[in-house]
Amino acid sequence: MPGLGVKAGMGRMINAPFHALDLCLAVIVLGLAGWMMENAIGTGSPFVGFGGNAATPWLSVFSLIAGMVTIASVITSLHHVRVWTPASGAAAQAASWIAWFLLVLPFCLAWKEIQIGGRSARFRCLEGFVITLTFTKFFSTLALYVEEAKETSTTAGKHEAPPTGPGAAPAV
C-alpha cells in the first residue's frame, strides 16, 4: 500500500505471529472445552463424574464463549495486519480488549480448578491452554496498542505543505 512506509511493515512483523499463535491456542481451547461439554451432555452426568470438580462446568462454558470471541478478535486483528489503516486498528484493538477481558474469567476459573484439585489430565490440559492463551492474548493486545500509539505519535502535528509551483491550484 502506498504511503505506509517502514512502520506498517514493522507493525505487521510484530503483530502477525502473536495473532497466529492466539488463533492456534483458541482453536485448541475450543476443542478441549467442546469435548468437555459434549462428554457431559452425552453421558447425562455432571462433570464431576468423569474427572472434574465443582469449577469444571463453569470453566468449560466460559472457555467456549471466550474462545469464540478470541477467534473473532484474531480475525479482526489479521484483517488489520493486512490493510493497516487507523479504522481497522481501532476495530482490532477494541475486539482484542473485549476478548482479553472475557478470557480473564476462564483464567480465574482455571486457577480455581487447580486449587480445588481432583481433575483428569484433559482438564489440566485445558487449564494450561486457557492460562497460556490469556497471557498471549494480553501481549498481542498490547502489541496492537503500542504499534498504533507509536504510529500516531510520530505522525501527530505533521502536515503536508500545500503544493507550490507550476500547475498548483491557487489558494482560495
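Just so it is clear, glycine is given a Cβ too, placed from its N, Cα and C backbone atoms.
Because TrEMBL annotations are produced automatically, they should be read as predictions rather than curated entries.
Feature annotations, reproduced from TrEMBL:
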TRANSMEM  20-37  transmembrane segment
TRANSMEM  58-78  transmembrane segment
TRANSMEM  90-111  transmembrane segment
TRANSMEM  123-146  transmembrane segment
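Beyond its flanks by at least six residues, the transmembrane segment (123-146) meets 14-15, 18-19, 21-22, 25-26, 28-29, 32-33, 36, 51-52, 56, 59-60, 63, 66-67, 70, 73, 77, 80, 89, 92-93, 96-97, 99-100, 103-104, 106-107, 110-111, 113-114 of its own chain at Cβ-Cβ distances under 8 Å.
Beyond the transmembrane segment (58-78), the same-chain residues lying 6 or more positions past its ends with a Cβ under 8 Å from any Cβ of the stretch are 15-16, 19, 22-23, 26-27, 29-30, 32-34, 36-37, 40, 47, 88, 91-92, 95-96, 98-99, 102-103, 105-106, 109-110, 113, 123, 126-127, 130, 133, 137, 140, 144.
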